[in-house]
Amino acid sequence: MLLYLLDLIGVAVFAISGVLVAASAGMDLLGGLALAAVTAIGGGTLRDVLLNRHPIFWIRDARYLLVIIVAAALTMLYLAFFPPPGNSLLIADALGLALFAISGAQIAEAAGLSWLIVVLMGTMTGTAGGMLRDVMSARIPLILRQDLYATAAMVGIVVYVVLQKLGLPRNAAVSAGVMAVLLMRLLAVVWGVHLPHLRFITTQP
């Protein structure tokens, strides 16, 4: 039940972020709905294809699509009368990343996969939809920028996996994992924390 709830909330907040990006790019209503859908179900769809989970989650349960439509419609209605709050996109994206990373990890875990594949599948679930959204709106994907994004998802999933191995109840481990992702994103957005850059060392002749 907790996994299903995480999925639905993640779908809603990622759909909101898709509409916000579409609005900033000057897209029409159909473009907003398309970006909302791609952001919300892109990562989970790729995960299900790779894990051979059929039918894919949103085909098996149409409530995911209903959540996307409702979240997108309410966001569009809000934007018709009010400007978006300053950091609304980053907040929605961080929430979606955290929720989808942990729910994706749980799905891979339930399939009996190794901890490394659990981390990779959770990270992909959390990041792929946002990457597709940014590519479709001609933005540099967050996962390719300097701030912590995929790294935040990985850290949160590792926290979740390790705490379970230590005997913590699953719900508590889920909460800790989600909070770890959000904390990492906060460090990146507010304080500019990022991974070291790759640099070539050049020698003068």
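In case you wondered, yes, glycine gets a Cβ from its N, Cα and C as well.
Keep in mind that TrEMBL annotations are predicted by a computer and have not been checked by a curator.
Record features (TrEMBL):
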{"type": "DOMAIN", "residues": "5-77", "note": "domain 'Glycine transporter'"}
{"type": "DOMAIN", "residues": "91-164", "note": "domain 'Glycine transporter'"}
{"type": "TRANSMEM", "residues": "5-23", "note": "transmembrane segment"}
{"type": "TRANSMEM", "residues": "29-50", "note": "transmembrane segment"}
{"type": "TRANSMEM", "residues": "62-82", "note": "transmembrane segment"}
{"type": "TRANSMEM", "residues": "94-121", "note": "transmembrane segment"}
{"type": "TRANSMEM", "residues": "142-163", "note": "transmembrane segment"}
{"type": "TRANSMEM", "residues": "175-195", "note": "transmembrane segment"}
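Tertiary neighbourhood of the transmembrane segment (62-82): same-chain residues 7-8, 11-13, 15-16, 18-20, 23, 29, 32-33, 36-37, 40-41, selected by CB-CB distance under 8 Å and a gap of 6+ residues from either end. Long-range Cβ contacts of the transmembrane segment (29-50) within its own chain (Cβ-Cβ under 8 Å, at least 6 residues beyond either end) map to 7, 10-12, 14-19, 21-23, 56-58, 64-65, 67-69, 71-72, 75-76, 96, 100, 104, 107-108, 121, 124-133, 136-137. When averaged over the domain 'Glycine transporter' (91-164), pLDDT in the model lands at 91. Remark: secondary structure over the domain 'Glycine transporter' (91-164) totals 60 helix, 1 strand, 13 coil, with classes taken from DSSP.
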